[in-house]
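Heads up: the structure comes next, in structure tokens.
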Amino acid sequence: MPYFTRLILFLFCLMVLVESRKPKRKRWTGQVEMPKPSHLYKKNLDVTKIRKGKPQQLLRVDEHDFSMRPAFGGPAIPVGVDVQVESLDSISEVDMDFTMTLYLRHYWKDERLAFSSASNKSMTFDGRLVKKIWVPDVFFVHSKRSFTHDTTTDNIMLRVFPDGHVLYSMRITVTAMCNMDFSHFPLDSQTCSLELESYAYTDEDLMLYWKNGDESLKTDEKISLSQFLIQKFHTTSRLAFYSSTGWYNRLYINFTLRRHIFFFLLQTYFPATLMVMLSWVSFWIDRRAVPARVSLGITTVLTMTTIITGVNASMPRVSYVKAVDIYLWVSFVFVFLSVLEYAAVNYLTTVQERKERKLREKFPCMCGMLHSKTMMLDGSYSESEANSLAGYPRSHILTEEERQDKIVVHLGLSGEANAARKKGLLKGQTGFRIFQNTHAIDKYSRLIFPASYIFFNLIYWSVFS
């Protein structure tokens, strides 16, 4: 018994010792001020963070078969379209195409996507939902290349309204064919079209239309091209027929481009005109300066050939004549004719000199003259005067064949040469020979060539401008 009593006392003392070592808590009688929540944290309930059951999903995507179009089996579903053109990136004459960046938007109603909303607000999604629902299969007719932009993410937007109306928008760059007519190039205007059409659904299943008529096409005012002036954008629509599949609604984005002429004036027309004018310089060069006139003619011909080759290299190989071809080839003909003109002048000069030598051999100078030289007269003397100056009696008349256009005489320096002095043909007592260096063809060419080229330019610019 004493043993148990001692054990109980020992345990009691141990408990008292343990309690005495614990820290004592002070009782607070005041009020604790809690921090006030900031207005930044006052958010509405985020429904995306609430896990709901399948029947409670707003769009109920998994409950419907979206492989079929809306109202399948009924009338054609109307799909409105509007386009905002962001830029015209390039126009290629060689490939006969254009590149355009645009925002393409579709509008339709799909009751399978209707949802209840107390605030009647729409919901916006990115491109991931597009793969789960039905969207129109619009494609670009006659397109060569096209892609949807994906920087920094896919440029696709889907907006669904509570009543089931859907807005589907995407940003696209497309390169499409443009049938160009270069018969008036570079004084031409081109009309190109971007065509939109449903790939699978005929007009019995899908009715594609411009949502607001011509107002459905918007363009950026800053759109500009280096070689073209954008004159007009407008929309049209019509039906397209395929013998195997039927009729389809097709929408057209039409735009008209007028080419800037100033670039081609500097690069093509002015150089060609200068080459033609340079070829006329040979008409003022001495006809006996063969190297100068020949080298000038060849240089202008080769330069015109280079200009024509450079222009054709930047153009498609069309089977008809362009306006610039007419101008360049006519200019080339003028340059080439200037070369032929000198060939004719040189030939006639050679023939003339040969006849003069024969004439001198036929009528040798046996008039007892101390000093004599041959003189070529320019035709201002009569036949009798020329013969008298030559020391021949009037009965001896040179024939026209002998004289040709120039009369060659032997002039004696004697006291009876007063008639020749009267004509100013003698200087002192020594005879000399006067050469008429400018041929008659050169004289006429100085007027005919410039007048003809100016007349051609007047007709050309009045027809094509």
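Just so it is clear, glycine is given a Cβ too, placed from its N, Cα and C backbone atoms.
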Membrane topology agreement for VAL174 and ARG317 per Swiss-Prot: yes
Where Swiss-Prot places N-linked glycosylation site when the choices are ASN120, ASN312: ASN120
For CYS192 (disulfide bond), the one of ARG105, ASN120, SER169, ASN254 that lies nearest, given that the recorded positions are compared by Cα: ASN254
Predicted model, mean pLDDT over the topological domain 'Extracellular' (21-260): 84
Alpha-carbon spacing, ARG105 (4-aminobutanoate binding site) to ASN254 (N-linked glycosylation site), which is rounded to whole Å: 17
Rounded to the nearest Å - Cα separation of CYS178 (disulfide bond) and SER169 (4-aminobutanoate binding site): 25
The topological domain 'Cytoplasmic' (282-293), counted residue by residue under DSSP: helix, strand, coil: 7 helix, 0 strand, 5 coil
Residue from ASN120, SER169, GLU197 whose C-alpha is spatially nearest that of ASN254 (N-linked glycosylation site), among the recorded positions: GLU197
